[in-house]
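This report refers to the structure that appears directly beneath it.
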Amino acid sequence: MTVVIGFEGSANKIGIGIIRDGEVLSNPRRTYITPPGQGFMPSDTARHHRAVILTVLKEALEQAGLKPADIDCVAYTKGPGMGAPLVTVALVARTVAQLWGKPLLGVNHCIGHIEMGRLITQANNPTVLYVSGGNTQVIAYLERRYRIFGETIDIAVGNCLDRFARVIKISNDPSPGYNIEQMAKKGSRYVELPYTVKGMDVSFSGILSFIEEAANKMLSSGQCTAEDLCFSLQETVFAMLVEITERAMAHCGSQEVLIVGGVGCNLRLQEMMGVMCKERGAKLFATDERFCIDNGAMIAQAGWEMFRSGYVTELEDSWITQRYRTDEVEVTWRD
Amino acid sequence: MATETNQETGKLEFFLDVPFPSSGEATVALRSLSPDREPRRGGISKRLSVSGSTLSVRWSADEARVLRVSVNSFLDHLSLVVETMELFGPPVDL
């Protein structure tokens, strides 16, 4: 029996989760939500996490019904992500690991998402689309590495959506992407936007510039509604993601797709991916908002796999890093 | 705490000594606070050490502004580590 506690706080969510042999015992989380029109800055986010982290830690232990002695390993997000919030969380993880006399394990955030997706959906060997506010990658497992087959060459798809939400000043509660999704359902007019797939990769910063300008011009002249723009943006960026996922699947001969990351909650994206999968006779896997959105249990799960295959992080090596490629980690727990 | 200008190097120096109830706890704090590097900013370096039950930090900086940011940041981090130790300590004996 192996029990791992995982600490996650690389963006505006702070979550701590406990996993025992594939069972999620607890997974409390708090989100730092900014007023409409504003994004979240590193030092404010770190301040938010610092204010709540010890309370969330107590909740994680209480909800799991465990004492520190019951924990086998303390896992935390080493990177990638925002520096100040990552440090705040790592400090607590390092401290409790020492106080409790438990080994520490630095986890790659992207691999946390993948391992949680694999656990929850039981997908065998899927092509993974990892889409969030900070990351957009198409990943497939091959020979001990999660290889990046395609990715954004500039900003993440979630970042594009979040920044567009700021322009039209919609609420960030519970998340800007969720509110864009609800507004898109009421859109009826398709506004043509640039479609930028570049081979295996995608680009979103041009689309963002275009739609920011379109919003200013078209909304004031009444040519379309904000709902129409939300609808058009989703249709465009999601079609791009489906295309590069399909390209990777064809490359790998894969019959499974797993969507992870906060943007993976979006039901329209799941629907569009589902259509492509059906055409190819492939199966689509996705998780719900408990596990799509950044959470502590996903770090615990990746930590569980890593710990059991012999990984440990020495304290001197436990520094956080804002840049951490998914393929930098040797995936020793899979053949 | 003290700030001075080192006459030889021309750099600003800041010294901070933090007493802990035991050397074990000072060491826990040291090992939590030392791994992360200074955010990409030249002209600042800090060194942490433990002597007895005191955690000592020595900064060396080119500019007062950079020094201030680093020291403030460190104090925030230190207070989080101390609060964590108060809630979940004392350290187990291995």
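In case you wondered, yes, glycine gets a Cβ from its N, Cα and C as well.
TrEMBL entries are annotated by machine, without manual review.
On a predicted model such as this, the values are computed, not experimentally measured, just so you know.
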Seminar exercise, completed: Listed alongside A:His109, A:His113, A:Tyr130 for divalent metal cation in TrEMBL, from A:Asp294, A:Asp317, A:Asp327, is A:Asp294
For this session: Figure out which of A:Asn108, A:Asn216, A:Asn266 sits with A:Tyr130, A:Val131, A:Ser132, A:Gly133, A:Gly134, A:Asp162, A:Gly177, A:Glu181 in the substrate site per TrEMBL.
Result: A:Asn266
Seminar exercise, completed: Restricted to the domain 'Gcp-like' (A:29-300), the mean pLDDT of the model is 97
Problem set entry | A:Asp294 (divalent metal cation binding site) in three-state DSSP notation | coil
Exercise. Three-state secondary structure of A:Ser132 (substrate binding site) from DSSP?
Worked result: coil
For this session: By Cβ count within 10 Å, point out the most packed of the binding-site residues listed: A:Gly134, A:Gly177.
Result: A:Gly177
